Amino acid sequence: MAKKFRGVFTVMITPLDANGAVDLKALAAFTDWQIREGIHGLIPLGSTGEFLSLSQEDRDGVARTVIETAAGRVPVLIGTGAEDTREAVRLSRQAEAMGADGVMVIPPFYSTPTDDELVEHYRQIAAAISIPVMVYNNPATANVDLKPELLARIAEIDGCDYVKESTLEITRVRDIVRLAGKNMTVFGGILGFESFVMGAEGWVAVASNVAPGVMSRMFTLAADEKKYDEARALYLEWLPVIQAVGGQAYVAGSKSLLTHMGFQAGAPLPPRLPLPAAQDAAMKALVERFGLRFSV
């Protein structure tokens with residue numbers, strides 16, 4: 001397997017205008033800023049991008065805007081997860097036709113498929129496209145847990161070359177590397193620094209929406225330069241920001257921080273609500289404390 005993707009990839013917010021419509025002009029500016037700040041890759045239409053709340057037209061616009069704005073400067077993976085395997089195949093083919101470098105696919109999240117059904121789901125998607133698949137394990141949101149032993153089976157599928165491992169069990173990274181590392185590259189999800197130490201070669205991060213340069217530097221220190229003490233110090237310094245966009249606040253918190261940074265991210269899409277006033281004020285304080293700024 002050619003390890004094409006590596007580093008910190010932002011799972012991007014989807015900016016909205018004052019009327020709640022997707023703001024593609026703002027998205028293009030956000031994409032360009034991310035790249036100028038040193039991010040290693042971009043993933044629109046993930047959970048943080050509110051993909052389940054967007055119309056098909058909006059999803060198409062988001063994918064096309066990020067791909068065209070990135071223009072090959074960094075890899076772009078499109079979130080193409082769906083409950084129906086046929087729809088996931090269609091979305092993945094469409095992403096490839098648009099010029100995506102890969103797709104990120106969460107498993108079916110309602111039907112609670114068996115292990116054999118999950119393997120077949122990913123087999124059909126990978127067989128339909130020629131770009132890599134990043135399998136997305138997030139049992140808290142998907143109601144499906146892709147454990148290391150199952151991921152080892154999925155890793156045998158040609159094209160299922162990556163996994164985003166989003167649990168708080170750091171031993172998962174260790175075990176995926178041990179069981180499937182020859183076929184599958186691990187990206188951390190919730191845990192960044194800890195995943196690097198355990199052998200992950202990337203991080204699909206929420207916090208890099210607001211601090212792409214810092215989060216990318218953390219990876220470089222740990223994974224490339226092996227300066228773990230410096231990486232840990234940077235991680236602990238920025239932990240308040242990482243935690244601020246964790247848990248249920250990952251969408252509203254990210255958008256609040258970005259708005260206070262000078263980027264009009266807009267509100268979350270319903271049923272999500274904006275942060276309460278006290279939490280929003282805390283986000284503003286973080287922006288001021290860390291000197292976070294968005295620049296065109």
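Glycine too: its Cβ is placed from the backbone N, Cα and C atoms.
Any TrEMBL annotation is an automated prediction that lacks curation.
Quick look at what TrEMBL annotates:
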BINDING   Thr48, Val204  pyruvate binding site
ACT_SITE  Tyr136  active site, proton donor/acceptor
ACT_SITE  Lys164  active site, schiff-base intermediate with substrate
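Taking the features listed in TrEMBL, we show where each one sits on the structure.
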residue : record                                               : DSSP (3 states)
Thr48   : pyruvate binding site                                : coil
Tyr136  : active site, proton donor/acceptor                   : strand
Lys164  : active site, schiff-base intermediate with substrate : strand
Val204  : pyruvate binding site                                : strand
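The residue listed as 'active site, proton donor/acceptor' and Val204 (pyruvate binding site) have their C-alpha atoms 10 Å apart, to the nearest angstrom. Take the CB of Thr48 (pyruvate binding site) and look out to 10 A: across all protein chains shown you find 24 other CB atoms. Around the Cβ of Tyr136 (active site, proton donor/acceptor), a 10 Å sphere holds 27 further Cβ atoms from the protein chains shown. Sequence-distant neighbours of Lys164 (active site, schiff-base intermediate with substrate) (same chain, 6+ residues apart, CB-CB distance under 8 A): Met104, Met134, Val135, Tyr136, Asn137, Asn138, Phe187, Gly188, Gly189, Val204.
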